[in-house]
Amino acid sequence: MHAYSGISYGVIFCLISAAFDVYVGYITQSISPAVIILYCFISSTIVFLLFSILKQGIAVFYKAKANLPLLLLANVAVLLNWGGLIVSLRYLEPAIVGIASVACGPAITTIISRCIDNRSSKNSGLEFIISWLIMVGVILMLCNSLMGKSGVTTTTVDERLIGIICVILSALGTVIYTFISRELYQRQWETYEILGFRNMLMLLIAVIYCFYADIPLSINMNLAAPMVLLVVIGHLLPIYLIQNTIKRLQPLHVSLVLLLLPVFTLLLQYFDTRVEISFDSIAAVSIIAILLFILGINKIIGNPKTKGA
């Protein structure tokens, strides 16, 4: 049952996050990504840290001190993951960001699982092959994007290069965070506790950057309501959903569920008038969907271990 609920959490997360990605790509044309990061992550840190204190009292801080190295790694992973994601959405087509940020996960996760995580269930040969096929597809997609062959054509080569670097960092952060979170769960950490302590580095860097670049932290009143929706529905709810997905599934399978994200993003991104129809993007998402279908059939027929993941 844990595996089925984990998949359900993951699918809902992908749908909401796809809408978040499309909207962030639009709104970052008017607001600095650093300001969006501040509003989103201050809100989530306050909410989950206060909830942790209400549930555990001051003991939660002793628990954090005892696990400080892991929490530092979690903070670095969040910085890479969310920082890279939000910046890349400013310069790249949302579907490309969705593909690159999560589709690299299976390949990277497979390598890490085989090298350092002995507790992971053994990955099948087909999972390994599909992971690398997806990785190759992502590389080709990013090359096309760099050359301007995507749904967003108004950016410069330098801006697209920044976006590609950031989305690669986001993919790396996603994988690292998955492993760190599972280790924290092994040490009896609750979801809300992790969410209360994981954003400190992100907030510190965002504040320093805003002051250094002289970026105003106030926003236009016309954007106040959309920002509230962005924080609550686009950030607080999805991070709770993905944290529960990580808790219930193996790292590789988390990465594979997240491959639904670019499918949903592709369907929603055309609500943004900046994004044109790109047959390259449609082809890439279609190929990934076919690979996922093959993988799903393989799991149903010949990989019963995943049912109890």
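Glycine is treated like the rest: Cβ placed from N, Cα and C.
Annotated in TrEMBL:
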type: DOMAIN; residues: 162-294; note: domain 'EamA'
type: TRANSMEM; residues: 7-28; note: transmembrane segment
type: TRANSMEM; residues: 34-54; note: transmembrane segment
type: TRANSMEM; residues: 66-89; note: transmembrane segment
type: TRANSMEM; residues: 95-116; note: transmembrane segment
type: TRANSMEM; residues: 128-148; note: transmembrane segment
type: TRANSMEM; residues: 160-180; note: transmembrane segment
type: TRANSMEM; residues: 200-217; note: transmembrane segment
type: TRANSMEM; residues: 223-242; note: transmembrane segment
type: TRANSMEM; residues: 254-271; note: transmembrane segment
type: TRANSMEM; residues: 277-297; note: transmembrane segment
Leading contact stretch, 34-54, 66-89, 160-180, 200-217 vs the transmembrane segment (254-271) - CB distance under 8 Å: 160-180
Selected stretch (most C-beta pairs under 8 A with the transmembrane segment (7-28)) from 66-89, 160-180, 200-217, 223-242: 223-242
Summary of DSSP states over the domain 'EamA' (162-294), given as helix, strand and coil counts: 108 helix, 0 strand, 25 coil
Segment proximity, the transmembrane segment (66-89) to the transmembrane segment (223-242), 3 or more C-beta pairs under 8 Å: no
Feature contact check the transmembrane segment (34-54) with the transmembrane segment (160-180), CB under 8 Å, 3 or more pairs: no
For the transmembrane segment (200-217): best-contacting stretch of 34-54, 66-89, 128-148, by Cβ pairs under 8 Å: 34-54
